[in-house]
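Straight from Swiss-Prot, the features:
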REPEAT    7-46  repeat 'WD 1'
REPEAT    51-92  repeat 'WD 2'
REPEAT    97-138  repeat 'WD 3'
REPEAT    160-200  repeat 'WD 4'
REPEAT    207-249  repeat 'WD 5'
REPEAT    257-296  repeat 'WD 6'
């Protein structure tokens, strides 16, 4: 375990390793993003990225096929894109379509290209495509009327669609979906519609009695899809869908409430373990048993 002391002068809100686990990006209320090189149990500060004018809530690494690229989002309403070339970091783009704090960002599955999803307190969610000529093409959606707190892509999937040609064969098409959570206590699922050239609301999931703080779509591509949502109401709901046509089934992770607000949810890479971050400074692990019940699988300690 690597421990970095005094990394920032104020509260740290996010810390994310890159694809290879060699670089660590952190962000803070001190308005900065910091990049560390990590080797074994040692670390070295490489650069401090300055450009935001408010607390920086989240960072996310792009897939390495696009280069060494990092996105950051802030209370200042901006999403900044940073790139490292020959050991030097610089800001290469700014996404400034939101009128309030941008609370969450996530790069799409790399199969979709350089697409970035952002959720804002202005109630809107944006998907911005970064094109090779340096221009951007944003899609802006009215998602949650009193604020969008979080957004997460579904794993990349293909859907068979009938070919209009004479062969009558089927050609697989990308199915781009993401989930959002808002201050309206709702979880919403959105799907790209090529005819409308935007993302349309597919499902609205009701179950929380307070702000939805985080949503996480399991990375496992199986016949059943899993979503986790956590809330200010101190509950975690697991949502499952057995096929693309079915409705989503709601299951409380546990009957009694957690001791404090649940802030973050994160699936393991294999999708079988769910980690939950609670306001009482604990991180608990959960897994589904053979009967479909969720049970504790441990606790993360220092």
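Quick reminder: no glycine exception, Cβ is built from N, Cα and C everywhere.
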Secondary structure content of the repeat 'WD 2' (51-92), with strand meaning DSSP E or B: 3 helix, 24 strand, 15 coil
Long-range neighbours of the repeat 'WD 6' (257-296), counting only residues six or more past its ends (CB under 8 A): 213-220, 226, 228-236, 238, 251
Cβ contacts under 8 Å made by the repeat 'WD 5' (207-249) with residues that lie 6+ beyond its boundaries: 149-157, 159, 175, 178-183, 185-187, 189, 257-267, 269-272, 274, 276, 294
Average pLDDT across the repeat 'WD 5' (207-249), rounded to a whole number: 92
Composition by DSSP (helix, strand, coil) of residues within the repeat 'WD 3' (97-138): 3 helix, 22 strand, 17 coil
DSSP residue counts for the repeat 'WD 5' (207-249), split into helix, strand and coil: 0 helix, 20 strand, 23 coil
